[in-house]
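Step one of this worksheet: look at the structure below.
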């Protein structure tokens, strides 16, 4: 376990913004960071699967599920896919499922809540678009730093050492 965001705030206060969303921790990895990749979708996780199928080394996926906790946008199978493809973590403004299994996986996972319902698979959604969640903007290509203290974003990569 490692606290990174307090030190980053102390060192880079003028360069970071807080992604202030009421998210819970679901993955085993307590701290994670990387370049932001975005997906916007609603009750359809097809694009989430497409993105997590790609190499995620040094990247964090941020998913805008419109804040809906009716259907889970990620479960254990997508978490396994993310780990296989070296993703650092996933932030979901929506729901996840299979939370006991994911709690034992070495992946950073934060989400609004849980739902046992799966999503539809219609191929709907957008990839690498600017997201606005609770009046907060998330840009693909920026950098995200997360731990149990919070989530920070920066336009440039920061030294986490």
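Cβ atoms here come from the backbone N, Cα and C positions, even for glycine.
What Swiss-Prot lists as substrate binding site is 75, 76, 77, 78, 97. Here Swiss-Prot flags 98 as divalent metal cation binding site.
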Could you list the residues of the same chain, at least six apart in sequence, whose Cβ is under 8 A from the Cβ of residue 78 (substrate binding site)? 45, 48, 49, 52
Can you give me the residues near the recorded substrate site, meaning same chain, not 75, 76, 77, 78, 97 themselves, Cβ no more than 8 Å from the center of the site's Cβ atoms? 72, 74, 79, 80, 96, 98, 101, 102
Fewest neighbouring Cβ atoms within 10 Å among the binding-site residues 76, 98 goes to 76
Rounded Cα-Cα span from the residue listed as 'divalent metal cation binding site' to residue 77 (substrate binding site), Å: 9
If we take the residues 75, 76, 77, 78, 97 that the record assigns to substrate, their largest CA-CA distance in Å comes out at 10
CB contacts under 8 angstroms to residue 97 (substrate binding site), restricted to the same chain and 6+ apart in sequence, sorted by sequence, are 72, 74, 75, 76, 114, 115, 116, 117, 118
Would you mind checking how many other C-beta atoms are within 10 angstroms of the C-beta on residue 75 (substrate binding site)? 21
